[in-house]
């Protein structure tokens, strides 16, 4: 998708770019597939900040996306490609043969009028979803499940793609976008193709206000705070940390491991930093 670069008519416009959205074919979302989305400004149910630098932003409705692809054997026609403010990828509106409508992530190359389907025995074609055991080696996939029936959890961002590299017993080895190679159960579903909107990574935000519209607040350096607010704060003028770097809560930062390994780490064949 082409990118529109603005002329530097103001300091904020300088170096700003936007997508042209030529792939979008429908502006208003399907009313039956949206629901209200309450803002939480990064707070949990106790009001404690769990995600920093969030708050404000434009009002959004949540689009209900079918990550499970569990309508097996029923063909669906792509009715529209739409914008989704809640994710970097575009979404495709499907009209199933039985009358149901659903949204899926729009893969690269999927067009209005295409026919997609899911389930065992579906053709190896962009937009179709199959169990990993039926997908040939070397095939590019996205929206990958980690547990059968749970719905896709991996490889969902714009331009993301994983590749099937091996099949051993009941597990399939996938090369993920990070370079990590990971075992996933062969009964897990995955969708053929690469997630669309490849040029998302080439867009330049250009100004702080545009980031505020997205719901992101400023990230303040610890050294600019007071010692009450951050271990790096205080001092006259610019001062060195005088200690190994710390998080705002006093934990070691910048390279120090502070978490236990997950039990699921045993499914990692090669870590991303070994690639």
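Backbone N, Cα and C atoms are what each Cβ position is placed from, and that goes for glycine too.
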Which stretch, out of 166-220, 221-275, is listed as region 'Disordered' by Swiss-Prot? 221-275
Going along the chain, which residues at least six beyond the ends of the compositional bias 'Basic and acidic residues' (227-239) come within the CB cut-off of under 8 Å? 221, 245-248, 250
